[in-house]
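Let me begin by handing over the structure; questions about it come next.
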Amino acid sequence: MAAPLVPAPLEKAVATMKQLISHLLGFCWLICFTGTQCFTSDENLISCQPRILQGDDFKSLCGNSTQHGNQQNNRFCTFLNETSKTLESACGNGNQSVSLKEVFTSLDSLFNATAQQSNGSKEEVALVATIFLQSVESAALATARKSPGNETQTITGQTMTIVAQRVTDNCSRAGKMIELTAENELMSIDCTTVVDAREQGSGVVAFISYATLDSILNNSFIDQQNLREDDKLGSTTLNSKVVSGTIGKPGPLSKPFYFTLEHKQRKQTEDKIICVFWNLTGTWSTEGCRLLHANSTHTTCTCNHLSSFAILMASHAIKDSYPLIIITYVGLTLSLLCLFLAILTFLLCRSIRNVSTSLHLQLCLCLFLADLLFLTAVKSVTNKVACAVIAGLLHYLFLACFTWMFLEGLHLFLTVRNLKVVNYTSAGRFKKRFMYPFGYGFPALVVAISAAVNHKGYGTSEHCWLTIDGGFIWSFLGPVCLIIV
């Protein structure tokens, strides 16, 4: 099914806001690290009005949004306006006091309402999620900065857990680590990274664990181009909660920080763990992060920058060993030779022609073509369209093989039941009425329906065959199991 089209006004909104994020976003600060865009930071951490919402582009886009008459555009602008108001209440100057719980509850409600009504627009969801993540971080740090002493604030809700702390220690003890725990997730960061010891100043640090965000920012936001070559595996899923770590001091990290996340599904021996962060382009990326340790239930990662993080779990593709490859090619070559001889025999020896040999001939033809195509083109994955066509042909030919086997069995059953010679009566009627239309029509019908339902199911990154994602492989296994039964 084609992705829903984004209306022109909303399309303009997404493009404009994406550009603004790339150049203006500075809710209170943004960490600048190697390999990503560097943003300007606001030295006054109490003044948290997002610059993204102060620019002329935003005002022209959303200032009169109610007059445009577009519900989606209005919803998008409403989210940005309400986010701005929420941050002002949390970060505003003066004696205004707003609890951290009120702030994140408001932000969470805004995000869920907007993301769930995005009509499947991946770009809009990614953009809204980016703003949401940065807003929660801003509110958490600004609120923590107002707290007296080294008081730690912990707020636990249905959708997220926030732990924020003001750090007044001058970090005189070398190697001192600050640890924050949110639910079953842990963040560990060097004290000198949070507090500038030379200025004897104070800093703030926050760690946020999102309970349900991984279901929204799922594996559909994984861009293989943002993964290292050795991490590019076939089936990759998000296997942890999404967490965010942030500090109140702008600039790159002087020392890497560490986080430990709990797996949602137990890691098997053959599974591969990948540490990723949420890139401002709206995808998961591995840049600057690496795996330290992983067991069946938890993973520890280290990164040289702060952002939002998660754990990917990828199943290693089964690699064919060299002996198996040799056996496959030799076996298929011998099979093709024998099938070719059988086809010549059935075509040239007129004396043995009957319904039974006609069925054998059709089976041999389909199996010969299927084996030949498999042997020569199953690895041709460079051209995606050609690979999909090859997968469709293989699907059809192998289904046709099983269909002709079924017809052979049916013909044998009718012959035995009627106790008649193959060349006469019921056998002749069987050939005329059922053989060719069913033998070639049934597999064609299955392939046509499968392609109409999910044409992207033909072709994978490794082979020109049916994908196992979404159970599409059952469009082949289902009819085969039915025939066997």
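One-based numbering along the chain as shown.
Cβ atoms are placed via backbone N, Cα and C, with glycine included.
Keep in mind that TrEMBL annotations are predicted by a computer and have not been checked by a curator.
The domain 'GAIN-B' annotation in TrEMBL covers 158-319. What TrEMBL lists as transmembrane segment is 322-349, 361-381, 393-414, 434-453, 465-484. Among the features that TrEMBL reports, domain 'G-protein coupled receptors family 2 profile 2' is placed at 324-485.
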Could you name the stretch, out of 322-349, 361-381, 393-414, 465-484, with the greatest number of CB pairs under 8 A to the transmembrane segment (434-453)?
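Ranking 322-349, 361-381, 393-414, 465-484 by Cβ pairs under 8 Å to the transmembrane segment (434-453) puts 393-414 first.
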Quick test of the contact rule: Cβ under 8 Å, at least six residues beyond the ends. What residues does that give for the transmembrane segment (465-484)?
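Contacts of the transmembrane segment (465-484) (Cβ under 8 Å, skipping residues fewer than 6 from its ends): 235, 378, 391, 394-395, 398-399, 402-403, 405-406, 442-443, 446, 449-450, 454, 456-459.
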Should anything in the same chain at least six residues away from the transmembrane segment (361-381) have a Cβ under 8 Å from its Cβ atoms, list it; otherwise answer none.
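Sequence-distant neighbours of the transmembrane segment (361-381): 329, 332-333, 335-336, 339-340, 342-343, 346-347, 387, 390, 393-394, 397-398, 400-401, 404-405, 408, 435-436, 439, 459-465.
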